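Chemist: Attaching a single structure in structure tokens format; questions to follow.
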């Protein structure tokens, strides 16, 4: 551990896509600079309220809302609340007195970054997706460095100092052993499928995945499933798999994602930036179904990073039918080497040192002046 005091403030959150990379960086910074060297500013309703304290970090929250998709009155109220949120954030920033700030996106990042800029604190902004959002494109003008996760994204920040770092993943995920696909799936060594749909699950997976897998099991295909599902559907889906002869675990939240990835031969998931980074880090082949309502269709762009190098497969939601999935998994069972190859290619895309690269860059910014 470095004994030189260095305090990092991380601003933003809301979803796992913003938080998990932030936590990966926070863990590395804490290793280098000590227990109380990281502080978070987030929103009052986001996942940060559970994940940040559980990871052992301090968190303060701002009353800031969402601008998109909730009607003009809501947007006007949100805009009206931004100035008070900036003043609230300014007090939080002054109390923690950080040496450097990292913005990670989410609604709380804007007032916190504006406050930090007003205090002359060096800042970096991390863009997780292959298509930068409007908020981050605007906030990039407050930051001295923009850090991106995908090739080509720096072009979306013209005139800004920009570096490709990759998207940090938690250390436990980076340590998942390489994929080892058998030459033949058997009852003793079945095809193991991991299904998840983000922090709220994905109802289309709850419907279509069992519709595809149960006929395969009836024809003797050896399959195991671990599936994240909305809490209201977990018990019914568990019974459905059990009655169809498939060994399955259905759960609203997968606590140990590293073990879940380690045990998976195939992943079926959305293609948020964190999921794509985790698929690469763990070297797991995947069928990615982009969330169709993601801003600027950024999930499809994220998935394309792996699809373009044959490190996974993408299927649009309107084309993700159970008959197609049944046929596709049948082909994978007949040719397991396809899974091995896709997993190895996916792992070649990983940037396992993204967290350390970001920490080193942030540390170098401490003495920078605007």
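Don't overthink the numbers, they just go from 1 along the chain as shown.
Cβ atoms are placed via backbone N, Cα and C, with glycine included.
Since this is a predicted model, take the numbers as computed values, not measurements.
According to Swiss-Prot, the protein has these features:
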BINDING   15, 16, 17, 129, 170, 199, 254, 299  UDP-N-acetyl-alpha-D-glucosamine binding site
Chemist: Specify the secondary structure state of residue 17 (UDP-N-acetyl-alpha-D-glucosamine binding site) as given by DSSP, simplified to three classes.
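Modeler: It is helical.
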Chemist: Sort residue 129 (UDP-N-acetyl-alpha-D-glucosamine binding site) into helix, strand or coil using the DSSP assignment.
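Modeler: In the DSSP reduction, residue 129 (UDP-N-acetyl-alpha-D-glucosamine binding site) maps to coil.
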Chemist: What number of additional C-beta atoms lies within 10 angstroms of the C-beta atom of residue 16 (UDP-N-acetyl-alpha-D-glucosamine binding site)?
Modeler: 19
Chemist: Other than its own, how many Cβ atoms are within 10 Å of the Cβ belonging to residue 129 (UDP-N-acetyl-alpha-D-glucosamine binding site)?
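Modeler: 27, counting other Cβ atoms within 10 Å of residue 129 (UDP-N-acetyl-alpha-D-glucosamine binding site).
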Chemist: List nothing but the one residue from 15, 299 whose Cβ has the fewest other Cβ atoms within 10 Å; the candidates are the binding-site residues.
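Modeler: So among 15, 299, the binding-site residues given, the one with the fewest Cβ atoms within 10 Å is 15.
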Chemist: Non-local Cβ contacts of residue 170 (UDP-N-acetyl-alpha-D-glucosamine binding site) (under 8 Å, 6 or more apart, same chain)?
Modeler: 20, 23, 24, 27, 257, 258
Chemist: Which of 17, 254 (the binding-site residues) has the most other Cβ atoms within 10 Å?
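Modeler: Per the Cβ count, the most surrounded site is 17.
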